[in-house]
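Listed in TrEMBL for this protein:
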- 5-119: domain 'Gfo/Idh/MocA-like oxidoreductase N-terminal' (DOMAIN)
- 127-237: domain 'GFO/IDH/MocA-like oxidoreductase' (DOMAIN)
Amino acid sequence: MNDSLRVGIIGLGWAGTVHARTVKEMDGLSLAGVMDPSPERRASTVGAPAVATVEELLRLGVDYCVVAAPTRHHEDIGLQLAKVRVPALIEKPLAHDLRSATRLVDAFEEADVVSAVGHTERHSPAVREMRRLLTEEDFGPIYQITTRRQGPFPARIQDVGVVRDLAIHDIDLIRWLTGDSIHQVSANVGAVSGRGTEDLATVLCRLTHGGLATLDTNWVSPRKERQVTVYTERGCLVADALAGTVTHYLNGAHAHGNRPDGSFPGSSSGLVITYPAQGELPFAAEHRAMRDTLLGQMGPLVTLREGAAAVAVTEAILASARTGTPVTIDNP
Ligand SMILES: NC(=O)c1ccc[n+]([C@@H]2O[C@H](COP(=O)([O-])OP(=O)(O)OC[C@H]3O[C@@H](n4cnc5c(N)ncnc54)[C@H](O)[C@@H]3O)[C@@H](O)[C@H]2O)c1
C-alpha cells in the first residue's frame, strides 16, 4: 500500500522484533526503519533500514514510533519524540519511576499527539473476552480478583525487577477489568537471582470501592502461568491467557445468602463452561489501535495516564515491601 503509515521501531530486542514483524504483516502499515545502538542487532534482518540513532530514524520519515528499548531509556526517547510531535507506542512499563512517567504524560499532552503504552495483556484474547463478559453481561458486583503470572528467568531484563516488568501487567488488568483503581497495597518481595532487584512478589490490594485483589508473580519458575480470576456475585470467571480459554463457573440454582433483605444472594456450585477465546494476537491488536486512531477512528489505546497510574502502584508495592507497612496510593 502506498499510503500506508510508516512505523519506526526503537530497540530491536525481543519486543522490538515482534513489533517489526507485526507491522510488516498488518494492512495499512509499513516498516520505515529500525533503530538500535547495537551493531549486532542492526545486522539482524528485518527487511528495513537499520540505524544507530533516533535522529536518523526520524529522517527516514515516520508516522509513529514504537519505543521498545530497555525501560530505563523510555523517558529520554519518549521526550525526544514528543518534542518533535511524533506519535509513540511506548512499551510497558511506561517508565522506570513515577517522576519519569509523569514527565512523559505531560510532554505528550503538551505536544497533543497520539500516544499509548504497550500494556499488551489487555489484548490477550482470553482477557479481552473476560472484559466483554464483565461489561456486557450482568455479573453483579466484583468481590475479588486474583492474578498469577509466573515464568522462567528473563536474563535479558537487567534494569527493573519483576514488579515493574511483570506485575505491572496485572496492575493494569485489575484496573481495566474492574473499572476500579488500587487504593492500598501490602506487599512482600523476594530476591533470589543475585541481580539486585526483586524476583518474586506477593501483593494484597484493596480497591477504591472496597473490592479485594491479590497478585502473585515471579520469574523464577519453569512453570509458566498467566491467569486472572474474577469472583463476582453471579459466578466466577477465569481467563487463562496461555491456554487462550475463558472458564465460567456459574452459581447453582440453590443459593445460600443469609441477608434477610436478600441483598446477598449467596452462591453454590453450578455449571462450569470452558471455551476458547478468539481474536488477533496482542501486538497486532495494539498496532491496529494505533493505525485506526491515527486515521481518525479511535482504537482501544492504553493512555499514558493509565500507564503512569500503573507505575504509581509499582512504587507503592516496592515501598510497602521495603517498610513492611500498607501503602495508600493517591489516585487522581
Ligand atoms: N508488552 C510486552 O508484552 C513486552 C514484552 C517484552 C518486553 N517488553 C518491554 O519492551 C522493552 C524492551 O524489552 P525486551 O525484552 O525487548 O529487551 P531486549 O533486551 O530484548 O531488547 C532491548 C533492545 O534495546 C536496545 N537498546 C539498548 N539501549 C537502547 C537505546 N538507548 N535506544 C534504543 N535501543 C536500545 C538493545 O540493544 C536491545 O536490542 C522493555 O521496556 C520491556 O518491558 C514488553
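Quick reminder: no glycine exception, Cβ is built from N, Cα and C everywhere.
Note: TrEMBL annotation is automatic and uncurated.
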For this session: Kindly state the mean pLDDT of the domain 'GFO/IDH/MocA-like oxidoreductase' (127-237) in the predicted structure.
Result: 95
Exercise. If you run through the domain 'GFO/IDH/MocA-like oxidoreductase' (127-237) with DSSP, how many residues end up as helix, strand and coil?
Worked result: 27 helix, 44 strand, 40 coil
Exercise. Per DSSP, what is the residue tally for the domain 'Gfo/Idh/MocA-like oxidoreductase N-terminal' (5-119) in helix, strand and coil?
Worked result: 50 helix, 27 strand, 38 coil
